[in-house]
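**Student:** Marked as active site, proton acceptor by Swiss-Prot: Asp89. Here Swiss-Prot flags Asp89, Gly90, Arg94, Asn163, Glu164, Asp193, Thr204, Ala205, Tyr206, Ala207, Phe208, Ser209 as NAD(+) binding site, drawing on sequence analysis.
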Amino acid sequence: MTPRKAAQRTVLLVVHTGRDEATETARRVKKIVGDNGIALRVLSAEAVDRGSLHLALDNMRAMGVDIEVVDADPHVAQGCELVLVLGGDGTFLRAAELARTARIPVLGVNLGRIGFLAEAEAEAIDVVLEHVIARSYRVEERLTLDIVVRQGGNIIDQGWALNEASLEKGPRLGVLGVVVEIEGRPVSTFGCDGVLVSTPTGSTAYAFSAGGPVLWPDLEAILVVPNNAHALFGRPMVTSPDATVAIELEANGNDALVFCDGRREMIIPAGGRLEVTRCATPVKWARLDSAPFTDRLVSKFRLPVTGWRGK
């Protein structure tokens, strides 16, 4: 196929096609942005995953909307100005990987349950699109993590994470014996089910479920949360964003797994070492809401605030 000339403005649309409301919301996106001369890029797997979404694409093309269907590729967002996400937090994390590679902002519209990473709910899609068309969103940079697995001093695998790196024992295996090291110094040795190393963005995700504190996203820090540690000092720790956090597995123990944002998996052999540092490439986050993070925390977790009188 002969590549067509790139449109002046292009938005990559990433959709959770398993949700019933995704097709109608995507159709609304295509109609509004198409009417304003913005081209859409859609992943081929999503275009054919649901028949109704595929039909919507054909209908929009017939109406003159510029739609490009492309195969999944790490560089698929190159040439786009924004990645627009319709889905939950899992879909957002998938889209953030594409946006980070292209170094463009990612904007989430929640179709899931909590949608902590999303900027708006599905019913506000028209308002979201007004901001996209006018480019009236602001862009924040969110800290990400570089993740390296070593064995005998050699790098055997590496990755990155926006939310967290989760060190976990394998299925049906015993407790992991680990040594936690921060800034090149040992902190504690203990047995555990795993250890999470999280960003402030990820502090409301798996790290929160494991007993970690909530960190405001504009705080620059790295959070270390032992998971079911058999130790007197098995408490979460908040470190400098410039610290190197390392976790060593005991040499005569079991292999372990590392999950980056619950998506990308690596294996750490017994005696191996996990190193986590701040990554030089952040995720660019498109923001519409000027309300403080406190409001989002209360809303998403449905925290009781009855009786508050304020100033």
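Here, residue 1 is simply the first one shown, and the rest follow in order.
Each residue, glycine too, has its Cβ placed from N, Cα and C.
Keep in mind the model is a prediction, meaning the values are calculated, not measured.
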**Student:** Measuring Cα to Cα, how far is Phe208 (NAD(+) binding site) from Asp89 (active site, proton acceptor) in Å?
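**Tutor:** Cα-Cα distance, Phe208 (NAD(+) binding site) to Asp89 (active site, proton acceptor): 15 Å.
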**Student:** Between Thr204 (NAD(+) binding site) and Asp89 (active site, proton acceptor), how many Å separate their Cα atoms?
**Tutor:** 11
**Student:** The record names Asp89, Gly90, Arg94, Asn163, Glu164, Asp193, Thr204, Ala205, Tyr206, Ala207, Phe208, Ser209 as the residues that bind NAD(+); what is their largest Cα to Cα distance in Å?
**Tutor:** 26
**Student:** Which residues, sitting 6 or more apart from Tyr206 (NAD(+) binding site) on the same chain, put a CB under 8 Å from its CB?
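**Tutor:** Counting only residues 6 or more apart in sequence, the Cβ neighbours of Tyr206 (NAD(+) binding site) under 8 Å are Asn163, Glu164, Ser166, Leu196, Ser198, Gly262.
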**Student:** With an 8 Å cut-off on Cβ-Cβ distance and a minimum sequence separation of at least 6, pull the same-chain contacts of Arg94 (NAD(+) binding site), or say none.
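**Tutor:** When sequence neighbours closer than 6 are ignored, Arg94 (NAD(+) binding site) has Val14, Arg263 within Cβ distance under 8 Å.
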**Student:** Give me the long-range Cβ neighbours of the residue listed as 'active site, proton acceptor': same chain, 6+ apart, Cβ under 8 Å, in sequence order.
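**Tutor:** The answer is Gly112, Ile114, Gly115, Phe116, Leu117, Ala118, Ala205.
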